[in-house]
Each structure stands twice: as structure tokens, then as C-alpha cells.
Amino acid sequence: MEMLQGLLLLLLLSMGGAWASREPLRPWCHPINATLAVEKEGCPVCITVNTTICAGYCPTMMRVLQAVLPPLPQVVCTYRDVRFESIRLPGCPRGVDPVVSFPVALSCRCGPCRRSTSDCGGPKDHPLTCDHPQLSGLLFL
């Protein structure tokens with residue numbers, strides 16, 4: 001009996017600590033600061049820009065009997081409200097538009113991944129790095 005009471009007390013204390021902090025144990029989907037590499041085919045430089053992207057956890061479920069039932073749609077942390085900013089890459093030859101746009105997350109949500117606007121995961125062919133020499137400093141429009 002004493003062992004059961006001790007176990008119950010330990011469980012209540014551990015849950016109380018999580019409730020008292022009022023912070024989720026895992027960060028939910030929200031905008032975070034990130035650095036992106038920006039380059040364009042035909043331009044000889046790469047620039048890094050600071051922006052906000054969506055990151056964090058979204059609740060998901062998996063079926064126990066996957067062979068019998070169709071899979072449940074999985075949600076990801078994605079943009080709710082987004083604006084695009086543009087920069088001008090220096091040194092682009094004539095005939096190449098030097099303007100490149102990148103997303104700035106204003107708010108995020110958990111929802112289906114849209115390949116048209118998001119990286120939906122999976123293996124990458126190459127890391128997200130610059131192919132051209134990196135230039136410091138930004139030329140915002």
C-alpha cells in the first residue's frame with residue numbers, strides 16, 4: 001500500500017511540475033528565426049538572409065491496423081500568414097533578373113503539407129548550402 005501511495009505521489013508531483021510551468025514540454029508550431037541561403041541560376045554569388053520560418057511540433061496519429069485501413073493524413077507545421085521580401089543579387093549578368101524573393105512567416109499552423117509552398121520532408125539530395133561564393137551583407141529592395 002505504501003509503495004502504491006509513493007508511486008501516486010511521484011506521478012502527481014511530476015505532472016504538477018509540468019502544469020506549473022505552463023510551458024509545453026515540446027514547442028508547438030510557431031515562427032522561429034532562420035538563416036536561408038539565396039542564390040539564382042546565372043548569378044555568380046550567394047547571399048544569406050535572416051527571416052522567420054515555421055517550425056515545431058504538430059499532433060499526429062497513426063493507425064494500428066495499417067494494412068486494413070487507409071492511412072490518416074499527417075499534418076505539418078506550415079505557414080498561416082506569410083509575406084515575401086525581395087533582395088537584389090549583385091553581379092548578375094545582363095539578361096538575368098537579379099531579384100530573388102523569400103518567405104517571411106508571420107504566423108504558423110498545423111495543416112497538410114503543400115508541396116507548392118513547403119519542404120514536406122524526406123531525404124535531401126544535397127544540404128541546403130550555396131553553390132556559388134557567399135557574399136555577406138544584404139541589398140533589400
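Cβ atoms are placed via backbone N, Cα and C, with glycine included.
Listed in Swiss-Prot for this protein:
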{"type": "DISULFID", "residues": "CYS29-CYS77", "note": "disulfide bond"}
{"type": "DISULFID", "residues": "CYS43-CYS92", "note": "disulfide bond"}
{"type": "DISULFID", "residues": "CYS46-CYS130", "note": "disulfide bond"}
{"type": "DISULFID", "residues": "CYS54-CYS108", "note": "disulfide bond"}
{"type": "DISULFID", "residues": "CYS58-CYS110", "note": "disulfide bond"}
{"type": "DISULFID", "residues": "CYS113-CYS120", "note": "disulfide bond"}
{"type": "CARBOHYD", "residues": "ASN33", "note": "N-linked glycosylation site"}
{"type": "CARBOHYD", "residues": "ASN50", "note": "N-linked glycosylation site"}
{"type": "SIGNAL", "residues": "1-20", "note": "signal peptide"}
How would DSSP class ASN33 (N-linked glycosylation site) in three states?
strand
Rounded to the nearest angstrom, how far is the Cα of ASN33 (N-linked glycosylation site) from the Cα of CYS92 (disulfide bond)?
28
Using a Cβ cut-off under 8 Å and a sequence separation of 6 or more, which residues in the same chain sit near CYS54 (disulfide bond)?
CYS29, HIS30, PRO31, ILE32, CYS77, THR78, TYR79, ALA105, CYS108
Alpha-carbon spacing, CYS113 (disulfide bond) to CYS130 (disulfide bond), which is rounded to whole Å:
25
Distance [Cα-Cα, Å, rounded] between ASN33 (N-linked glycosylation site) and CYS43 (disulfide bond):
26
Just give me the nearest neighbour of CYS130 (disulfide bond) among the disulfide-bonded residues CYS43, CYS58, CYS110, Cα to Cα.
CYS43
Specify the count of other C-beta atoms within 10 Å of the C-beta of CYS92 (disulfide bond).
17
Any idea which of the disulfide-bonded residues CYS29, CYS43, CYS108, CYS130 has the thinnest Cβ neighbourhood at 10 Å?
CYS130
ASN50 (N-linked glycosylation site) CB neighbourhood, other CB atoms within 10 A:
10
Can you tell me which of the recorded positions CYS43, CYS46, ASN50 is spatially closest to CYS110 (disulfide bond)? Compare CA atoms only.
ASN50
